[in-house]
Amino acid sequence: MIKLNTIFDYPNISLHFDLHISLGEKIAIIGESGAGKSTLLNLIAGFEPVKQGEIRLNGENHTYTAPHQRPVSILFQEHNLFTHLTVWQNIAIGLRADLKLSKEEIKQLEKVASAVGLTDFLSRLPKELSGGQRQRVALARCLLRDKPILLLDEPFSALDPHLRQEMLTLIDKFCREKQLTLLLVTHQLSEVIDKIDRIVEIKNGQATEREIPR
């Protein structure tokens, strides 16, 4: 669950977000470039400071907590993989910076890797993977963290339409199985219509709910 009523100031505009998102809801975030879509996700994740207001995640006040203390995983358009680490290590680092996983954590890693189709690539380096495979690694790292809130900031926009659909279907499956709360920033609304519960548009510094075209 996400509840926020916050204000964030840029030099030329003040953003006021007032949202209540229920457990397990899947929300598409739309708006023109520069409207504040990424800022909304960064506020929830703790990467941007709140000027005033409150952010509550899963019933707890996280307005000023550090990003690593929040029940949130976030995936950006850039996959942010470490080029010198293997796929296994790039996934594992989402749990532990020293890569020293317990037996149970290793089992979970292997389970997530299998779910995203990476079982045969765990020993490879990112340079040996396709763009779609690299995004699967980044997604696996998010899912392994097993946080109840998943934030996606156009992570698949650089992929071709077929690969985007594959990734979106995979996300939809995980959200249903784990009852994850999802916020997805997208410019391809038609591709996610059948996978979301609500649309929120960021415009003129405000977050407004829009009707889903069916």
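From the backbone N, Cα and C atoms, a Cβ is placed for every residue, glycine too.
Per Swiss-Prot, the feature domain 'ABC transporter' maps to 2-212.
In the three-state DSSP scheme, Lys37 (ATP binding site) is classed as helix. Annotation source Swiss-Prot lists ATP binding site at Gly31, Glu32, Ser33, Gly34, Ala35, Gly36, Lys37, Ser38.
The Cβ of Ser38 (ATP binding site) lies under 8 Å from the Cβ of Asp153, Val185, each of these being in the same chain and 6 or more residues away along the sequence. What surrounds the ATP site, by Cβ distance within 8 Å of the Cβ centroid and not counting Gly31, Glu32, Ser33, Gly34, Ala35, Gly36, Lys37, Ser38, is the set Thr39, Ile202 from the same chain.
Within the same chain, residues at least 6 positions away in sequence whose Cβ sits under 8 Å from that of Ala35 (ATP binding site) are Ile202, Lys203. Among the listed binding-site residues, namely Gly34, Gly36, the Cβ with the most fellow Cβ atoms inside 10 Å is that of Gly36.
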